Each structure stands twice: as structure tokens, then as C-alpha cells.
There are 2 protein chains.
Amino acid sequence: MSLKGKVLVAQGGGPTAVINQSMAGVVLEARKFMQVDRVYGAVHGVRGIINEDFIDLTQETTHNLESVAKTPSSALFSTRDKPDEKYCKEIFEVLKAHDIRYFFYIGGNDSASTVQIVNENAKKSSYEFRAIHIPKTIDNDLLVNDHTPGYGSAAKFVSQAFNGVDLDNRALPGVYIGVVMGRDAGFLTAASAIAQKFPDDGPHLIYLPEVAFDKEKFLKDVKETYAKYGRCVIAVSEGIKNEDGVPIAKELMSKVEYDAHGNIVLSGSGALGEKLAKYVKENLGISRVRSDTFGYLQRSFMGCVSEVDQHEAREVGERAAQYALWHNMDGSITIHRTGDYSVDYRLTPLERVAKYTKCMPEHFINKAGNHVTEEFKSYLRPLIGQDTSTAHLLRAPMVEKILGKKL
Amino acid sequence: MSLKGKVLVAQGGGPTAVINQSMAGVVLEARKFMQVDRVYGAVHGVRGIINEDFIDLTQETTHNLESVAKTPSSALFSTRDKPDEKYCKEIFEVLKAHDIRYFFYIGGNDSASTVQIVNENAKKSSYEFRAIHIPKTIDNDLLVNDHTPGYGSAAKFVSQAFNGVDLDNRALPGVYIGVVMGRDAGFLTAASAIAQKFPDDGPHLIYLPEVAFDKEKFLKDVKETYAKYGRCVIAVSEGIKNEDGVPIAKELMSKVEYDAHGNIVLSGSGALGEKLAKYVKENLGISRVRSDTFGYLQRSFMGCVSEVDQHEAREVGERAAQYALWHNMDGSITIHRTGDYSVDYRLTPLERVAKYTKCMPEHFINKAGNHVTEEFKSYLRPLIGQDTSTAHLLRAPMVEKILGKKL
């Protein structure tokens with residue numbers, strides 16, 4: 001109950017708009033406990049631990065921590081390193097050397113795996129140690145969780161971006177393709193639908209990694225929509241795959257780049273959107289076809305944050321500190337929806353959250369596989385918060401023609 | 001002084017976040033005048049005039065007009081048509097047929113030219129007619145004007161986007177290239193600098209269409225920055241050109257697309273950013289090089305608006321109606337900075353605003369031609385408004401190493 005020692009907090013993987021809320025939650029809560037000597041932050045995640053690159057967050061002002069909490073992206077910086085057994089053993093050695101007894105790792109499923117292995121190392125060595133994984137990912141793909149911190153704010157960005165480009169596309173009609181992050185899970189791309197208000201609002205078509213992408217079907221969808229509305233706004237997930245599971249990005253690109261995890265680099269490249277645009281242009285003979293790849297803007301844009309997401313990100317950090325320091329427990333903090341809208345946080349065994357990813361369930365995807373259901377919209381709506389803008393259109397009547405000639 | 005008849009308002013060119021403020025300003029102000037029968041809106045700009053596609057804005061509720069004013073993109077829709085003499089004559093014939101005596105066209109320098117030609121047609125026919133051009137462009141490239149409505153909000157988007165990607169780049173270092181709209185004028189790209197707060201904040205390099213782009217010099221700049229900070233964030237204007245005035249986008253692309261004005265289509269393509277990224281990767285051996293092309297997000301993103309820009313966009317609309325209806329005058333409304341920060345609006349002869357574009361003056365660009373000056377920042381700061389987020393970084397001290405080993 002009163003294991004004396006140091007606390008270490010680290011951030012892993014891709015930044016989010018609210019990841020610093022979780023860090024501030026851990027630090028501010030942990031600093032209240034008598035058994036805590038110091039609260040360290042690892043600089044650049046697990047790599048920082050190996051390098052003993054720690055900063056002493058006990059000496060950070062509360063006021064600045066509160067300001068950093070509101071700043072997007074990982075204030076402790078991040079890493080793409082995916083530790084193996086040997087790496088985790090090294091992590092454990094450093095933690096032991098610094099008398100770190102509480103370790104909090106804010107990240108996705110890879111980070112949960114890391115926490116799990118480090119924990120096993122500690123158990124084997126009979127080193128008294130508490131390690132907790134704190135959920136974070138804009139992809140919303142963590143198991144057990146109803147949703148994950150970071151998703152609501154990124155979803156808000158995607159929603160407001162599509163709301164804007166849809167209005168733009170009304171003004172200057174054509175086909176517009178917006179490519180959204182999401183390798184295996186389509187939750188973020190699906191968020192493009194949430195701002196739809198008028199019956200002909202875009203995105204008219206949504207393609208997710210969960211549904212095998214068929215190029216012929218895609219063309220048919222675009223053709224039909226264009227015939228109906230004289231324009232077509234499309235949301236595409238960067239991770240869309242063909243029937244054999246081959247990413248369309250790979251199918252279309254001549255040269256692909258792989259990251260440290262052996263995954264194709266999908267972000268920072270507009271190739272998918274452009275190839276799809278070219279495909280539409282060449283096959284349907286529509287002249288104005290444009291594509292944007294939202295890229296890094298969607299995960300760290302300043303000033304686009306969901307207050308619900310902010311609140312929950314802070315609480316998962318605080319709850320993690322409480323589970324470890326009050327209750328002396330290990331695990332992964334998970335978010336559970338208890339009402340409409342309310343949540344509760346639980347401590348879940350790490351192995352239930354680690355490694356695997358959660359995808360969009362079937363009832364969130366429409367039958368045609370090219371849009372979302374109302375059920376998905378009900379699920380997402382509370383997560384993006386109240387403070388969103390709404391589009392308004394003119395509704396004045398048409399004036400009767402006098403000359404009646406056409407250009 | 002009391003020329004009786006109808007009012008027509010239209011919107012041209014690329015949408016902005018505040019273009020509907022100007023429309024609402026014209027409509028609400030014009031509806032107050034006794035000599036005004038009806039206030040029409042042309043659907044899809046000048047093309048809508050030719051087609052007699054008018055809506056009767058006299059029958060639009062004030063409340064909805066106020067809501068539409070806050071909605072980005074052109075509520076009356078737009079067109080890329082650039083009318084010639086014959087087209088303007090047709091416009092004039094339609095205006096006459098509908099007894100339109102007051103014409104307000106919200107747009108850039110092309111729109112000013114259109115207003116000028118239509119006006120000349122009216123004079124030749126001794127048709128009593130007032131036509132006023134209302135400034136609008138995110139490019140900020142209209143002559144005479146200190147700045148243009150639409151620019152402040154787009155600048156705010158670019159600034160907040162760079163603020164976010166810079167934080168992202170701190171967390172996961174590498175080279176990042178963000179491509180911003182701007183064919184001939186670099187004002188919008190230059191806005192990437194305004195959120196810089198800490199001494200090592202990006203963008204570290206800014207390339208504008210006003211400065212001839214030298215690929216060797218660019219590589220040298222990136223190399224030096226990367227050596228200094230271990231990372232490099234770069235803002236590039238889509239319109240950068242080489243010494244001979246050839247767009248770099250054209251130099252790098254195998255196939256280019258032209259719009260109705262005979263200009264290369266620069267937006268809706270990530271080619272420039274990707275080619276530059278590839279160039280850096282291949283020549284400097286830096287592995288993590290990413291690029292984003294901001295595309296259409298930057299001109300119509302929901303919820304990213306400068307309240308100063310909103311205010312001024314409304315006022316230029318109102319002033320236009322006043323000049324025409326009270327004072328019976330023609331021209332282009334122009335914005336003049338009278339203090340720090342205050343503005344005044346004047347009526348300027350159309351020929352002084354039409355046709356040509358304004359570029360970044362020399363004193364806004366640094367000597368090395370790869371960044372902006374403090375003078376530019378002072379110029380821009382008031383335009384993006386007060387309601388902006390600021391980044392905060394951790395400043396806690398480093399902890400002494402115990403093991404002292406390196407990965």
C-alpha cells in the first residue's frame with residue numbers, strides 16, 4: 001500500500017490533441033502521495049528510458065503543467081520503437097537503477113504490450129513494481145475500451161474539415177476525395193459523417209478498411225452520386241484494402257516505404273488520394289476531381305479539441321495514478337460507456353488490451369459498405385463535444401426567369 | 001440619389017471562411033433602403049447571372065442570413081468563369097432585363113475586372129446603374145488594400161496547423177514539409193510563422209513565390225537546420241518558381257493540369273510536397289521526411305475563423321451597400337490600416353484594383369529569402385484575431401544518469 005520510490009511517466013506512438021492531459025493527470029495526482037519521492041518523465045518514450053533521458057517533473061510548476069495539458073502533441077516527446085523482450089529487459093534494468101516503482105505508459109496497444117513485458121520482468125526479479133498502461137490513440141482501435149482518448153478530438157477535426165470541404169464543393173462542384181488516417185480501423189474516417197445536416201450534405205460516400213475495396217463498385221458509387229447531386233464528396237481511409245487484404249495504397253503506388261514496425265508508411269503521402277482521383281477522372285470523364293490527404297494536421301491541429309475528450313484524457317491519467325498508488329494494482333485503464341452520455345474507468349488486465357486492434361463493428365457500417373449507420377453517429381456524437389460549428393444554407397426562393405436563355 | 005430598382009449580389013472565385021459575412025452585409029444593409037424593390041442573389045456567380053439563376057434574398061429571414069454569415073464557403077455558390085467582353089455584355093443584358101440597378105460582386109481581382117466591364121456597358125447604354133466590387137481572397141493579393149477579407153481566417157488556419165505539426169515534429173523528429181496555397185503571393189505561406197514562440201519553434205524555413213527557388217540552396221538550408229535542431233519544419237508555397245519563373249511544381253511533375261484561366265492546377269495535388277520530400281531524402285540521407293499539402297482544408301475549415309476578419313468582411317459588405325445606395329457611387333471597397341490596430345474603408349476606382357496582383361513586399365521577407373521578418377509578423381498579428389491557442393512546453397530539469405549507457 002505504501003511502496004516508496006519514484007514514479008515514471010512516458011508517452012508512446014503518434015501524438016494526439018489530448019495526450020498531455022493524461023500526462024498532467026498522472027503527474028499532478030502522483031505528486032500528492034507521500035510515498036512518491038520524485039515524478040520523472042521519460043523523454044522520447046521507451047527510447048528515453050533506455051538512454052536514461054529523464055526530466056524531473058516534480059520540479060515542474062503546476063501552472064505550466066496545466067498549460068502543457070492543453071497543448072496538443074506529446075510534451076515528453078515520443079518514439080516509434082517497438083520493444084522486444086531484450087529491449088524490455090533493458091528498460092527494467094534502468095527503472096531498477098533509478099528506484100522507479102511506478103511506471104505509467106500512455107499509448108496504444110503496442111505500449112500496452114511493452115508495459116506487460118516490463119511488468120513480467122519485474123515479477124521474475126521479485127522487484128516491487130506497479131506498471132499501468134494509459135489508453136491513447138486517434139485510431140480508436142483499443143480492445144475493451146468503448147473509445148480511446150485522442151479519438152474525440154481527431155474526429156472533431158475530421159468532421160469540421162469535411163463540413164468545410166463539403167460547403168466548398170457545393171460552391172465549386174466536382175468530385176472531392178479526402179484521405180483520412182486509419183490503417184485497420186475506420187473510426188476516424190467514419191467521423192467525416194457526423195456534421196451531415198442537410199439531406200444532400202457530404203460525404204456522400206465513405207470507404208473504410210473494414211470493407212474490402214472494389215474499384216469497380218467504387219466507380220459505380222461515384223457515378224451514381226454525381227448523377228444525383230452534380231457533385232460527390234468522398235471520405236477514404238488511408239488503410240483501404242482489396243479482397244486479398246492488399247492495401248489499395250500499395251496496389252497504386254510504384255514505390256512504398258516501410259516504418260520500423262514493417263508497416264507501409266501511409267501518412268505523409270498523397271499517393272492514394274491522387275491515384276483514386278486520376279482513376280475517377282479517367283473512367284468517368286468528370287473534369288473537376290480533387291483530393292486532399294489530411295496527413296498530420298488531423299492529429300495535432302491547435303485549437304481543435306473536444307472538451308469531452310480532454311476531460312476523459314485527464315481522468316484516465318488521474319485514475320491510473322490512483323490505481324497504482326492507492327490500490328497497488330497493475331493493468332490498463334479502460335473506458336466504459338455507462339449512459340448517454342456517461343463513462344466509467346476500470347482497470348483491465350494488460351493482456352486483454354495489448355497487441356490486437358479493434359475494428360468498426362458491422363452495425364456501424366451500412367449494408368452497401370460505403371457509409372456509416374445512424375447507430376455509429378449516436379455512438380460518436382457525444383465524443384466530439386458540444387463546442388462545434390454548424391453549417392447554414394440559404395433557403396430563399398428562386399426568381400422567375402425573364403429571358404430564359406442558357407449559356 | 002434614389003435610383004429605384006433591384007439589387008443583385010454575387011460571389012466569385014475560391015470560397016473563404018468569411019465571404020458570407022460580406023454577402024449578409026450587402027443584403028441586410030440594402031434591404032433597409034426604400035428605393036430597393038428586391039435583393040437578388042446570383043447562384044454560381046457570373047454564370048448564374050447569364051443563366052438568370054437568381055434567388056430572392058428579400059424573402060430570406062434575417063436570422064438565417066446571420067447564421068449563413070457565420071458559415072464558411074460561398075453560400076451563393078461560385079464559379080471559375082472569367083468573363084470576357086462578350087460575356088460581360090450578356091451579363092449586362094440580363095441585369096437590364098431584371099431591372100437590376102445595383103450590382104455587388106464579392107471576389108478577387110478578376111471579379112473587379114468583371115464589375116468594371118459591366119459598368120462600362122451600362123454607361124455606353126446610358127443605363128442608370130451602380131456596380132461595386134467587394135474584396136475577398138485568402139491570397140491577400142489585391143492592390144490598394146492593406147489586406148483582404150478571408151486572409152485573416154486562412155492565415156489563422158495555416159498558423160494553427162504549423163503550430164500543431166511543429167509540436168508533432170518535436171515529438172517524432174524528422175523533416176516536415178507543409179505546402180500552402182498561394183500562386184503568386186506568399187502571404188498565406190508566410191502566416192506559418194506567426195505562432196512561433198520558443199526560439200527553436202518551426203517553421204524553420206519558409207519558401208515564397210516572391211523569391212526564386214534554388215534547389216541547391218534549399219538543400220543547404222535544410223541540412224543546416226537539421227544539423228542544428230535535429231529536425232526541420234518547412235513551409236512551402238504551392239507557387240514557388242525557379243529563376244526563369246517556371247513553377248517548381250511544373251518542373252517536378254510529369255503531367256500537369258490547367259484550369260479555365262490557363263493556370264496550372266496547383267491545389268488538389270500533393271506532388272510538389274512529395275517531390276521535395278523525395279529530393280531531401282535522396283540527397284541528405286534523412287530517413288523521416290514527410291509532407292502534407294493543406295489543400296482545400298485551409299480555405300473553408302469549420303470553426304477556424306478570425307473575429308477581426310469576420311468583422312471586416314461584414315463591414316466591407318455594408319459599406320458597399322452604403323456607397324451605392326446613399327452616395328450613388330461606383331468602385332471597389334478597399335481596406336486601409338489607420339492605426340495599430342484600426343482600419344478604414346474607402347471607395348477606390350475599379351481600375352486600380354482590377355487585373356493585377358500584390359505580392360509580399362521586400363521588407364516582409366528576410367535577407368536569406370527563406371523566412372519572414374518581424375515587420376511581417378507585426379503586420380499579420382492583428383489580422384488573425386485574439387482567439388488563438390498557444391503552445392506550452394515542459395521546462396523541468398534533466399535527471400542525472402546512473403547507468404550512463406546508450407542504445
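Glycine is no exception: its Cβ is also placed from the backbone N, Cα and C atoms.
Keep in mind that TrEMBL annotations are predicted by a computer and have not been checked by a curator.
What TrEMBL annotates here:
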ACT_SITE  A:Asp139  active site, proton acceptor
BINDING   A:Gly14  diphosphate binding site
BINDING   A:Asn109  Mg(2+) binding site
BINDING   A:Thr137, A:Ile138, A:Asp139, A:Met181, A:Gly182, A:Arg183, A:Glu238, A:Tyr296, A:Leu297, A:Gln298, A:Arg299  substrate binding site
DOMAIN    A:6-322  domain 'Phosphofructokinase'
SITE      A:Asp110  site 'Important for catalytic activity and substrate specificity'
SITE      A:Lys136  site 'Important for catalytic activity'
Would you kindly determine which recorded positions in the set A:Asn109, A:Lys136, A:Gly182, A:Glu238 have their Cβ under 8 angstroms from any Cβ of chain B, listing them in sequence order or replying 'none'?
none
Spatially closest candidate among A:Gly14, A:Asn109, A:Asp110, A:Gly182, A:Arg299, the listed recorded positions, to the residue listed as 'active site, proton acceptor' (Cα to Cα):
A:Gly182
Cα distance (Å, whole number) from A:Gly14 (diphosphate binding site) to A:Gly182 (substrate binding site):
12
Inter-residue Cα distance where the pair is A:Leu297 (substrate binding site) and A:Gly14 (diphosphate binding site), in Å:
12
Of the binding-site residues A:Glu238, A:Leu297, A:Arg299, which sits closest to A:Lys136 (site 'Important for catalytic activity') by Cα distance?
A:Arg299
Site diameter for substrate, Å, by largest Cα distance between A:Thr137, A:Ile138, A:Asp139, A:Met181, A:Gly182, A:Arg183, A:Glu238, A:Tyr296, A:Leu297, A:Gln298, A:Arg299:
17
In whole Å, how far is A:Asn109 (Mg(2+) binding site) from A:Glu238 (substrate binding site) when you measure between their Cα atoms?
20
Among A:Gly14, A:Gly182, the one of these binding-site residues whose Cβ has the fewest neighbouring Cβ atoms within 10 Å:
A:Gly14
Euclidean distance between Cα atoms of A:Thr137 (substrate binding site) and the residue listed as 'Mg(2+) binding site', Å:
9
Can you tell me the CA-to-CA distance separating A:Leu297 (substrate binding site) and A:Asp110 (site 'Important for catalytic activity and substrate specificity'), as a whole number of Å?
23
Inter-residue Cα distance where the pair is A:Asp110 (site 'Important for catalytic activity and substrate specificity') and A:Arg299 (substrate binding site), in Å:
18
Can you give me the Cα-Cα distance between A:Thr137 (substrate binding site) and A:Asp110 (site 'Important for catalytic activity and substrate specificity') in Å, rounded to a whole number?
11
Within 10 Å of the Cβ of A:Asn109 (Mg(2+) binding site), how many other Cβ atoms can be counted across all chains shown?
22
With every protein chain in view, how many other Cβ atoms are within 10 Å of the Cβ of A:Leu297 (substrate binding site)?
27
CB neighbours of A:Glu238 (substrate binding site) within 10 A?
25
Taking every protein chain shown into account, which of the recorded positions A:Asp110, A:Asp139 has the largest tally of Cβ atoms within 10 Å of its Cβ?
A:Asp139
